[in-house]
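TrEMBL lists Asp47, Asp115 with the feature Mg(2+) binding site. Residues annotated as site 'Interaction with target DNA' in TrEMBL: Tyr85.
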Amino acid sequence: MDTPSHKVFGDWDGSLMQARALQATLARQVRLQDEVADPPRWLAGFDVGFEDEGRITRAAAVLIDAETLQPQQAEIARVPTSMPYVPGLLSFRELPALLAALGLLRQRPDLVFVDGQGIAHPRRLGIAAHFGVVSGLPSIGVAKKLLAGRYDEPGPQAGERSPIVHRGETVGWALRSKPRCNPLIVSPGHRVAVDSALHWTLRYLRGYRLPEPTRLADRLASRRGEVAVQAAGIIGRSRLLL
């Protein structure tokens, strides 16, 4: 499956001002209605890490059977890092590698989970939303920290949740996915409704803090997943894409 990374930023000149303007343009293309096949056939989880003191961006993609939640393919794509970390502009740093990893998958996923924000973002375009708009895939962001908005602390039991409100709008959920763990920040990226982002995340929790798609991708991206991936009969390819 080919996903050309030149589509990511268009005519962006590299300035932070234009990057924020591009975010505003793309945010208007986000669709917050349900366009996910139910039940989905294929899920995918995505996460990013860095190598060589940040000079190489390493994106992990794990393709998962939605019925069994067994990983079917695991890939790591490596690309040169194109810009430093700037708060609120994470997608401009990570998206080229994520799209490269997506392009390695044999099947087009019906729903993707991305480690990071969806619309729970100051300009409504976190990494999951940007990824969804550019790829056209239904996407959900699952983050470990809040970037925009406020919420009341959810109850202590797994499954308890509280809406995240930013500028008077509900943009996602603080979800206690596991007792004695900090809540996850769950928000839709693209082609998923706010309530449905919570529904799908709960559906794919299996006793860990993270839902299975991002849990497996996190292990692979952080190099903790080699044993787990090989135990499932899958060895992720590692490529340096220039």
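From the backbone N, Cα and C atoms, a Cβ is placed for every residue, glycine too.
Please treat TrEMBL annotations as automatic predictions, because they have not gone through curation.
Sequence features, as recorded in TrEMBL, placed on the structure.
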{"residue": "Asp47", "record": "Mg(2+) binding site", "DSSP class": "strand"}
{"residue": "Tyr85", "record": "site 'Interaction with target DNA'", "DSSP class": "coil"}
{"residue": "Asp115", "record": "Mg(2+) binding site", "DSSP class": "strand"}
Tyr85 (site 'Interaction with target DNA') versus Asp115 (Mg(2+) binding site) - Cα distance in angstrom
16
Give me the Cα-Cα distance between Tyr85 (site 'Interaction with target DNA') and Asp47 (Mg(2+) binding site), rounded to a whole Å.
16
Looking at the recorded positions Asp47, Tyr85, Asp115, which one has the fewest other Cβ atoms within 10 Å of its own Cβ?
Tyr85
